[in-house]
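Okay, so here's the structure we're looking at.
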Amino acid sequence: MTATHRSARSTVCVLLLLVSGTSGYASAVRARPQLGRHIGRSAGSPLAHAALRGSLSLPRHSARGTEVRCSGGNEPQSSKYTLYPSRWVQLGYLSVLALLSDWVCFSVAAAPDVWEATYGHDPATLIDIFLFTNVLFCFLEPTIVRKVGLRAVIVGGAFLMTAGCLLRSGIPFTGAEPVYAQIIAGTVLVGAAQPFFQCTPPLLSATWFGYDERALSTAVAINFNQVGIATAFLIGGVMVTDGVGISHYFDLISTVCLTVSLGALVQFKDRPITPPSSSAAARIAAANSGLAEEDTNFVSTARMLLATPGFVQPLVAFVGSIAVSNVVSAFVKDILVNSGMTSQSTIILAGAGFQAAIVIGGIVLGGYVDQTKRYKEVTLACFGISLLLLQPLGFSNCPSELVLVSLLALGALIGPVQPINAELAVEVAYPADENSIEALQQLCGNLFSALLVPLAEIAATRHTRVPGIDSSVSGDSMLLSAIVLGAFLYYRTFTSALKRSAIDCVGDDVGPVPASCEVVLTDVDTTNLPALAELAADDNTLSERQ
């Protein structure tokens with residue numbers, strides 16, 4: 001296997017893992033007779049049926065503040081749900097841990113020759129081991145999260161990853177050179193830890209963030225692993241020049257990971273003192289009143305989710321997005337070389353720029369979706385424009401400037417489709433478990449990528465002449481275009497209501513109704529929704545009156 005092939009295989013394998021008074025209410029909402037088909041129809045959920053019957057009450061706002069609390073506390077309450085500044089700390093830790101996990105996974109992909117010369121093994125073997133461990137724990141992760149809670153899995157996962165890093169590096173800065181078997185063991189531990197950071201962003205968003213922040217927070221957490229990939233290339237490409245460089249490089253990773261883990265131990269919290277939204281409060285009420293769904297295994301949960309109306313469209317969008325971003329990332333060097341850019345430093349910077357564009361695009365578009373709730377329109381626009389941007393990447397003799405601009409713009413548009421549709425899936429499947437939803441999406445995306453990348457590698461060797469111009473188009477570009485077009489056409493069939501946001505719009509009964517509520521409630525019969533916003537006055541386990 002040549003060095004180029006080793007690097008390509010390493011890149012392909014790791015990228016498979018890339019894996020939130022009703023005084024104006026009446027005039028703002030147009031009621032439709034479709035409640036029975038939308039609100040509360042989530043695979044027979046007890047919480048959903050209770051909501052329809054009016055037996056489950058959401059918190060009511062008053063001049064004294066939110067009356068449902070997650071736990072004890074003396075913080076002053078405002079007239080709306082309190083959003084605590086510490087939510088950004090929680091998001092920061094989850095995002096950095098996701099970064100670190102992919103940095104470890106991708107750590108030696110930038111210098112495969114040095115790794116093989118030092119250890120005598122193909123670096124892609126480490127990534128294969130990481131991949132299979134990751135998939136196994138994606139199946140186990142939802143059950144573990146339900147049993148022990150968000151803080152326990154994040155902090156526990158952080159120290160599990162730290163243990164893996166220390167096995168790979170030995171005691172930092174002592175000059176230790178771990179044997180290959182020790183590095184394998186460390187890689188297994190990091191692969192087992194990654195799903196706890198990869199699948200929990202929607203759960204963190206629902207637990208900590210408000211009605212108009214969830215898509216943004218999910219976008220940051222889900223896409224921050226891209227920064228880890230860029231970090232691996234930028235720092236690894238500089239430090240990994242020989243065996244001593246590998247040792248120092250792994251020491252640096254271990255030190256950073258240990259520092260972040262200690263910080264998470266001290267600062268990461270399971271949930272805020274009070275819920276951030278009506279839908280979050282309803283979940284707490286259900287858990288305390290015995291109406292929450294019974295624990296089921298992941299296979300049963302996946303079957304239930306796939307049967308939920310409106311769930312498959314965001315799943316298809318998520319899978320299409322992760323597949324395109326993975327394939328483009330895997331073959332970015334070939335794309336740039338075909339356009340005449342052969343400098344290794346230019347290729348590394350362009351690849352890092354593509355990953356950064358995914359993160360920036362997620363922040364911008366996620367914020368827009370939070371304010372407007374136009375999940376469908378934004379996703380269709382992203383797919384439509386991405387279809388156009390893919391064309392310069394596949395044409396031969398295309399100007400290098402156009403290729404580079406198209407590459408960065410593609411990252412900014414195709415990447416955000418993942419977190420936006422992770423949140424949309426939570427909306428339509430509410431009150432299903434957010435963590436299980438993301439685990440299912442990640443599994444489907446990774447498995448589809450595992451099948452697609454080898455096909456794209458074969459297709460890239462085939463070129464079709466374009467009549468009338470002196471150019472040809474590569475088969476991998478045509479393959480990705482077909483996937484994007486198919487996802488675009490199927491996604492147009494999405495018509496389901498945003499059930500979680502509908503409850504938030506009705507429950508938020510103090511102050512002006514958010515403009516996005518008109519979008520949320522357009523296709524929802526609001527006849528029974530006001531009952532969801534009444535406080536269960538006698539339920540002393542749920543409320544703490546001031």
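Just so it is clear, glycine is given a Cβ too, placed from its N, Cα and C backbone atoms.
Not measured: the values here are computed from a predicted model.
Per TrEMBL, the feature signal peptide maps to 1-24.
Residues annotated as transmembrane segment in TrEMBL: 91-111 (among others). A Cβ distance under 8 Å defines the sequence-distant neighbours of the transmembrane segment (91-111), meaning residues of its chain 6+ beyond its ends; these are 7, 10-11, 14, 17-18, 123, 126-127, 130, 154, 157-158, 161, 164-165, 168, 187, 190-191, 193-194, 197-198, 200-201, 204, 208-209, 217, 220-222, 224-229, 231-233, 236-237, 240-241, 246, 249-250, 253, 256-257, 260, 263-264, 267-268, 348.
Residues or ranges marked as transmembrane segment in TrEMBL: 123-142 (among others).
The list of residues near the transmembrane segment (148-167) in space but at least 6 beyond its ends in sequence, with Cβ under 8 angstroms from a Cβ of it, reads 93-94, 97, 100-101, 104, 141, 178, 182-183, 185-194, 196-197, 200, 203-204, 207, 250, 253-254, 257-258, 260-261, 264-265, 268-271. Among the features that TrEMBL reports, transmembrane segment is placed at 148-167 (among others).
Sequence-distant neighbours of the transmembrane segment (179-197) (same chain, 6+ residues past either end, Cβ-Cβ under 8 Å): 17, 94, 97-98, 101-102, 104-105, 119-121, 126, 129-134, 136-138, 140-141, 144-145, 153-154, 156-158, 160-161, 163-170, 221, 225, 439, 442. Residues or ranges marked as transmembrane segment in TrEMBL: 179-197 (among others).
For 217-237 (among others), the entry in TrEMBL reads transmembrane segment.
Beyond the transmembrane segment (249-268), the same-chain residues lying 6 or more positions past its ends with a Cβ under 8 Å from any Cβ of the stretch are 86, 89-90, 93, 96-97, 100, 103-104, 107, 151, 154-155, 158-159, 161-162, 165-166, 168-169, 172-173, 235-236, 239-240. For 249-268 (among others), the entry in TrEMBL reads transmembrane segment.
Under the heading transmembrane segment, TrEMBL lists 311-332 (among others). Outside the transmembrane segment (311-332) by six or more residues, the chain places 8, 11-12, 15-16, 18-19, 229, 305, 347, 350-351, 354-355, 358, 375, 379, 383, 386, 390, 393, 407, 410-411, 414-415, 417-418, 421-422, 424-425, 428-429, 440-441, 444-446, 448-449, 452-453, 456-457, 460, 476, 480, 483-484, 486-487, 490-491, 493-494, 496 with a CB less than 8 A from a CB of the stretch.
Per TrEMBL, transmembrane segment is recorded for 344-366 (among others). Panel annotation: around the transmembrane segment (344-366), residues 110, 215-220, 222-224, 226-227, 229-230, 233-234, 237, 325, 328-329, 332-333, 336-337, 378, 382, 404, 407-416, 418-420 of the same chain, lying at least six beyond its termini, place a Cβ under 8 Å from a Cβ of the stretch.
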Query raised in the report: So what's near the transmembrane segment (217-237) in sequence-distant terms, Cβ-Cβ under 8 Å and 6+ beyond its ends?
Result: 14-15, 18, 20, 87, 91, 94-96, 98-103, 105-111, 197-198, 200-202, 204-205, 208-209, 249, 252, 329, 348, 351-352, 355-356, 358-359, 362-363, 365-366, 415-416, 418-420, 422-423, 438
